[in-house]
Amino acid sequence: MKLNDTIVALATPSGAGAIAIIRVSGPEAISIVSPVFKAKSGKKLEDQPSHTLHLGNVIDAERIIDEVLVSVFRAPKSYTGEETIEISCHGSPYIQQEIIQLMIRKGCRSAEAGEFTLRAFLNGKMDLSQAEAVADLISSENQASHQMAMQQMRGGFSNEIQRLRQELLDFASLIELELDFAEEDVEFANRNQFKELIARIQQVLKRLIDSFATGNVLKNGIPVAIVGEPNVGKSTLLNSLLNEERAIVSEIAGTTRDTIEDEMAIGGVGFRFIDTAGIRETQDVVESIGIKRTFEKISQAQVVVFLLNAEKFKELSSEFKIEIEKIKNKFPQKPLLIIANKTDRIEETERERLIQELEIISENNERSQFLLLSAKTGSGVEELKDKLLDFVNTGELRNNNTIVTNSRHYNALLQSLEEINKVQDGLNSNLSGDLLAIDIRQALYHFGEITGEITNDDLLGNIFANFCIGK
Ligand code: GDP
């Protein structure tokens with residue numbers, strides 16, 4: 001990838017739209033666009049200052065291609081840090097292509113995926129983790145993933161990492177300085193202060209590493225397993241949550257044999273509902289495979305919803321108890337929500353008895369609760385949404401804590417921590433400065449991987465290849 005040429009790409013989605021934006025960035029951006037743009041004002045684009053807008057025509061020889069609006073961004077005050085022109089044209093694919101082809105004939109090269117952001121990174125406009133957040137921001141589908149990407153783009157934890165890296169670097173220099181005075185037995189780096197810094201770094205790293213679990217589920221949707229015998233109303237419940245008839249609702253028991261996933265945002269947080277076949281003991285081979293799969297799905301879920309039929313509670317309460325106990329024993333840490341569905345079909349007295357019994361069965365504590373609901377009428381559905389939000393730990397997000405969502409960062413953090421632990425061991429056992437310095441350098445290396453101070457072409461290629469063209 002050459003970086004001293006001028007690149008062009010469509011920045012808006014391909015296809016027809018009201019308008020489309022074509023981006024041109026590089027040293028020749030303004031001088032390439034200027035001769036093919038005729039401003040209504042008669043002014044020459046080349047003479048225009050940064051951050052100005054100009055109405056005019058894009059002209060190929062004598063032919064007008066389109067009436068457009070051109071924005072001028074002068075280096076270094078642009079997204080890429082280079083001279084940049086953005087052409088807002090009418091959104092016909094024909095016009096888009098005509099303009100792009102014209103730019104290429106006049107000396108631009110077609111940009112590769114993520115090349116604008118790559119240039120922004122290489123020109124110091126953002127660090128690597130911020131650049132990666134741009135991709136997350138573009139793909140964010142709900143409030144939670146949007147918030148995490150925004151936070152990372154604003155600097156997020158890379159500022160924190162950078163500060164710690166600098167402090168560590170200062171100590172590394174002092175220790176390496178000591179090596180130059182080896183004969184004189186001096187100590188420039190105060191070992192106690194150094195130990196204190198290492199402890200601080202460990203704390204930050206551990207917090208960030210732990211946040212990855214939260215980050216990952218928030219980014220991909222929080223998996224919720226819905227467990228219940230066939231016909232209890234799983235699909236109806238999902239439909240009323242979704243407010244549309246997406247899953248197939250059927251009268252025949254056992255139709256939900258395979259697992260289906262439905263995604264939706266509740267209170268700005270993405271949820272993934274995994275419909276399971278239930279765990280009722282059975283002789284049926286197909287259904288017993290279903291039970292095994294249900295347990296697998298529960299183990300992958302963050303929350304379990306156990307759905308029972310309120311109408312059958314009188315007759316089946318002991319069976320429900322056994323099934324609930326089974327889930328609790330197998331997954332004692334997992335938040336469990338017991339829902340009695342079809343409560344529109346039971347009498348008030350039965351309802352009261354149900355509440356009393358479910359209070360006992362569920363234990364009604366922080367991790368295990370119950371709810372009366374009717375998927376059909378929708379009563380209790382709002383309460384269910386509230387309970388789901390309470391169950392998942394969105395506290396970290398609400399408190400605006402930094403959350404790591406990128407597995408590359410996560411791995412670099414794990415490796416940094418490993419090296420920092422080695423440094424700590426070395427300090428505690430009075431390891432000689434030269435050996436200590438090696439471990440510190442390793443830790444610094446992994447810190448640098450996150451922010452992009454340490455990179456190689458393969459890594460950059462990998463990261464930016466995941467971007468769309470034009471970003
Ligand atoms: P699934 O097999 O668990 O997915 O169950 P379905 O969602 O297919 O529901 C089975 C039947 O129960 C359907 O006829 C639904 O209309 C009915 N049903 C579901 N929820 C309720 C409810 O809350 N009240 C009543 N009266 N019927 C319900």
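Glycine is treated like the rest: Cβ placed from N, Cα and C.
Some features that TrEMBL has for this protein:
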BINDING   ARG23, GLU86, LYS125, LYS471  (6S)-5-formyl-5,6,7,8-tetrahydrofolate binding site
BINDING   231-236, 250-256, 275-278  GTP binding site
BINDING   ASN231, SER250, ILE252, THR255  K(+) binding site
BINDING   SER235, THR256  Mg(2+) binding site
COILED    310-366  coiled coil
DOMAIN    221-393  domain 'TrmE-type G'
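Structural mapping of features recorded in TrEMBL.
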| residue | record | Cβ within 10 Å |
| --- | --- | --- |
| ARG23 | (6S)-5-formyl-5,6,7,8-tetrahydrofolate binding site | 25 |
| GLU86 | (6S)-5-formyl-5,6,7,8-tetrahydrofolate binding site | 21 |
| LYS125 | (6S)-5-formyl-5,6,7,8-tetrahydrofolate binding site | 18 |
| ASN231 | GTP binding site | 20 |
| LYS234 | GTP binding site | 26 |
| SER235 | Mg(2+) binding site | 22 |
| ALA277 | GTP binding site | 27 |
| LYS471 | (6S)-5-formyl-5,6,7,8-tetrahydrofolate binding site | 22 |
Nearest to ASN231 (GTP binding site) in three-dimensional space, by Cα, is which of the binding-site residues ARG23, GLU86, LYS125, LYS471?
LYS471
Return only the integer: C-alpha distance in Å from LYS234 (GTP binding site) to LYS471 ((6S)-5-formyl-5,6,7,8-tetrahydrofolate binding site).
42
Can you tell me which of these binding-site residues sit near ligand 1, meaning the Cβ is under 6 Å from at least one of its atoms: ARG23, LYS125, ASN231, LYS234, ALA277?
ASN231, LYS234
For the (6S)-5-formyl-5,6,7,8-tetrahydrofolate site (ARG23, GLU86, LYS125, LYS471), what does the 8 A shell look like? I mean other same-chain residues with CB within 8 A of the CB centroid.
ALA11, SER25, SER78, TYR79, THR80, THR84, PHE116, THR117, ALA120, GLY470
Cα of ARG23 ((6S)-5-formyl-5,6,7,8-tetrahydrofolate binding site) to Cα of SER235 (Mg(2+) binding site): how many Å, rounded?
46
Which one is it, among the binding-site residues GLU86, LYS125, SER235, LYS471, that lies nearest to ALA277 (GTP binding site) by Cα separation?
SER235
